[in-house]
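Trainee: Summarising the annotation, Swiss-Prot assigns Ni(2+) binding site to HIS81, HIS83, GLU87, HIS126 and lists sequence analysis as the type of evidence. Residues or ranges marked as Fe(2+) binding site in Swiss-Prot: HIS81, HIS83, GLU87, HIS126. Look at Swiss-Prot and you will find 9-22 tagged as compositional bias 'Basic and acidic residues'. According to Swiss-Prot, the feature region 'Disordered' maps to 1-22.
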Amino acid sequence: MKAYWYDNKPGDQREPHDSGRPVSEDYLASLGVIYRHFPELSDVDALAKERGYKNRDEITVSPATMGEAYEDKVKMFFAEHLHEDEEIRYIRDGEGYFDVRGKEDEWVRIRLVKDDLIILPAGIYHRFTTDNKNYIKAMRLFQEEPKWTPLNRAPELDENQHRKSYLEGLTATSIAAN
């Protein structure tokens, strides 16, 4: 895993867009983002049990598996959105980027590779893309039946209870740190 501030320069979303300014795991944790490196699937199983995750599936994002739909899917994943459930992804193969909004609404890019696991809290704005190799295989973990329901960023989402709870948690973390 490598995290850094996104450079916001125009260009292909699948390029690194590395500003040269690193972001620490502690900062990610302050956003509610949890990172782990799990070389063994048994570690993922233990985390799933601990967090009450009963279901999982695997998705391979590549032109070979998605055909003509690939470019549209990657664009859809890259649209800024949130979920009302936390999102857990375990990278089985390949590489990709999760971008999450920092405390000042700036993008933090998180590069994930094989055996990396990330947990994004409910209510955090984020987006995803493959890297320029156009291939990633990820396990998706779910507490209930597998579902992936993105809520694309819009002003009315400021009133979403999951978004409000997330922002309240950020405020509480900031106050506790001072």
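Heads up, the Cβ atoms here are built off N, Cα and C, so glycines get one too.
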Trainee: When you tally the Cβ atoms that lie within 10 Å of each candidate's Cβ, which of the binding-site residues (HIS83, HIS126) has the highest tally?
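Mentor: Counting every other Cβ within 10 Å of each candidate, the maximum falls on HIS126.
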Trainee: Tell me, how many other CB atoms lie within 10 A of the CB of HIS81 (Ni(2+) binding site), whichever protein chain they belong to?
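Mentor: For HIS81 (Ni(2+) binding site), the count of other Cβ atoms within 10 Å is 19.
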Trainee: Note down the number of other Cβ atoms within 10 Å of the Cβ of GLU87 (Ni(2+) binding site), including every protein chain shown.
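Mentor: I get 20 for this one.
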Trainee: Pull the DSSP breakdown for the region 'Disordered' (1-22) and write it out as helix, strand, coil residue counts.
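Mentor: Here the numbers are 0 helix, 10 strand, 12 coil.
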